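A.B. asks: Structure in structure tokens, see below.
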Amino acid sequence: MQLETQDALYVALELAIAALSVAGNVLVCAAVGTSSALQTPTNYFLVSLAAADVAVGLFAIPFAITISLGFCTDFHSCLFLACFVLVLTQSSIFSLLAVAVDRYLAILVPLRYKSLVTGTRARGVIAVLWVLAFGIGLTPFLGWNSKDSATANCTEPRDGTTNESCCLVKCLFENVVPMSYMVYFNFFGCVLPPLLIMLAIYIKIFLVACRQLQRTELMDHSRTTLQREIHAAKSLAMIVGIFALCWLPVHAINCVTLFQPAQAKDKPKWAMNTAILLSHANSVVNPIVYAYRNRDFRETFHKIISRYVLCQTDVKSGNGQSGAQPVLSMGL
């Protein structure tokens with residue numbers, strides 16, 4: 001009974017996270033789509049991040065709930081359910097990395113930034129990073145999976161034959177995706193290096209920006225612009241930090257499972273469920289950060305919610321002017 005209650009609580013929390021993730025990130029996409037002030041290359045990368053978070057709510061979380069229940073299905077169907085969230089995670093990491101590089105260029109070469117980073121180039125980068133994310137996330141389909149061990153203990157074949165490709169396996173993540181892939185390839189190879197690169201980039205951004213601010217010959221306009229860039233970098237660094245805090249626990253558990261299998265056998269189910277919930281909750285956080293840190297996003301969110309959710313026809317922006325467009329800013 002305790003397990004059933006725990007599973008019910010897990011499913012309820014996952015569904016709540018899914019609903020909030022979809023609502024918040026659809027709002028982000030709508031804000032960028034409707035506000036010319038928000039249509040910048042930086043925000044295109046944030047839309048890519050939001051799209052991944054919408055997919056987490058619509059697909060990855062339902063898949064995770066399905067896997068947590070351990071139903072029986074054929075091996076490759078289960079493998080797809082398990083790998084889909086890896087695609088979205090990798091896309092999020094690449095989008096965050098692209099934003100970090102974008103902000104680095106804005107600080108390092110401000111005079112050439114607009115010619116280097118255009119909307120067309122940003123959309124091209126987004127297309128490439130999604131292709132890479134699918135390639136990395138679906139790598140287990142190339143053979144790095146647990147098919148041999150999973151099918152060795154499968155239930156009776158679906159068609160009544162002894163063909164192992166038709167047999168049913170208990171669909172649990174660890175039954176189909178080996179921890180060696182999750183730790184060595186996914187975490188050490190595809191998650192940790194980009195996070196460390198982003199850490200180095202943001203440290204460099206703040207060092208360069210602080211040196212420039214200390215220059216007494218800076219014009220007031222240049223100083224104001226630089227301060228806006230620093231504010232944007234702080235907001236984006238906050239998003240990266242929250243991403244790391246939300247995802248590192250589940251990767252830490254994976255490392256323990258691989259390197260200390262004896263101890264991992266006794267790991268409580270609630271610990272893994274909590275780590276998974278925390279990783280999924282990351283998809284809810286970003287719209288809150290945007291609203292808190294950026295006036296353009298905050299005002300556009302207010303206008304969209306007032307007009308399309310509350311059905312108010314006379315929508316006033318944060319400056320009290322009816323229908324006023326958000327003031328253009330340098331970013332978050």
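Quick reminder: no glycine exception, Cβ is built from N, Cα and C everywhere.
Sharing the record's features from Swiss-Prot:
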| type | residues | note |
| --- | --- | --- |
| BINDING | GLU174, ASN254, SER279, HIS280 | adenosine binding site |
| DISULFID | CYS78-CYS171 | disulfide bond |
| LIPID | CYS311 | S-palmitoyl cysteine |
| TOPO_DOM | 1-8 | topological domain 'Extracellular' |
| TOPO_DOM | 34-43 | topological domain 'Cytoplasmic' |
| TOPO_DOM | 68-78 | topological domain 'Extracellular' |
| TOPO_DOM | 102-121 | topological domain 'Cytoplasmic' |
| TOPO_DOM | 145-178 | topological domain 'Extracellular' |
| TOPO_DOM | 204-235 | topological domain 'Cytoplasmic' |
| TOPO_DOM | 260-267 | topological domain 'Extracellular' |
| TOPO_DOM | 292-332 | topological domain 'Cytoplasmic' |
| TRANSMEM | 9-33 | transmembrane segment |
| TRANSMEM | 44-67 | transmembrane segment |
| TRANSMEM | 79-101 | transmembrane segment |
| TRANSMEM | 122-144 | transmembrane segment |
| TRANSMEM | 179-203 | transmembrane segment |
| TRANSMEM | 236-259 | transmembrane segment |
| TRANSMEM | 268-291 | transmembrane segment |
A.B. asks: What same-chain residues, at least 6 away in sequence, bring their CB to under 8 Å of the CB of ASN254 (adenosine binding site)?
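C.D. replies: The list for ASN254 (adenosine binding site) reads MET179, MET182, VAL183, PHE187, given in order along the sequence.
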A.B. asks: Have the transmembrane segment (9-33) and the transmembrane segment (268-291) got at least three CB pairs under 8 Å, pairs 6 or more apart in sequence?
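C.D. replies: These two segments touch.
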A.B. asks: By a 10 A CB contact count over all chains shown, which of the recorded positions listed here is most packed: CYS78, GLU174, SER279, HIS280?
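C.D. replies: The residue with the most neighbouring Cβ atoms within 10 Å is CYS78.
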A.B. asks: List, in sequence order, the same-chain residues at least six positions removed whose CB sits under 8 Å from that of CYS171 (disulfide bond)?
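C.D. replies: Long-range Cβ contacts: THR66, ILE67, GLY70, PHE71, CYS72, THR73, SER77, CYS78, LEU81.
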A.B. asks: Do the transmembrane segment (268-291) and the transmembrane segment (44-67) come together with 3 or more C-beta pairs under 8 Å, pairs six or more apart in sequence?
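C.D. replies: Yes, these stretches are in contact.
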A.B. asks: Between 0 and 100, where does the mean pLDDT of the topological domain 'Extracellular' (1-8) sit?
C.D. replies: 67
A.B. asks: Compute the C-alpha separation of SER279 (adenosine binding site) from the residue listed as 'S-palmitoyl cysteine', stating it in Å without decimals.
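C.D. replies: Distance (Cα to Cα, whole Å): 34 Å.
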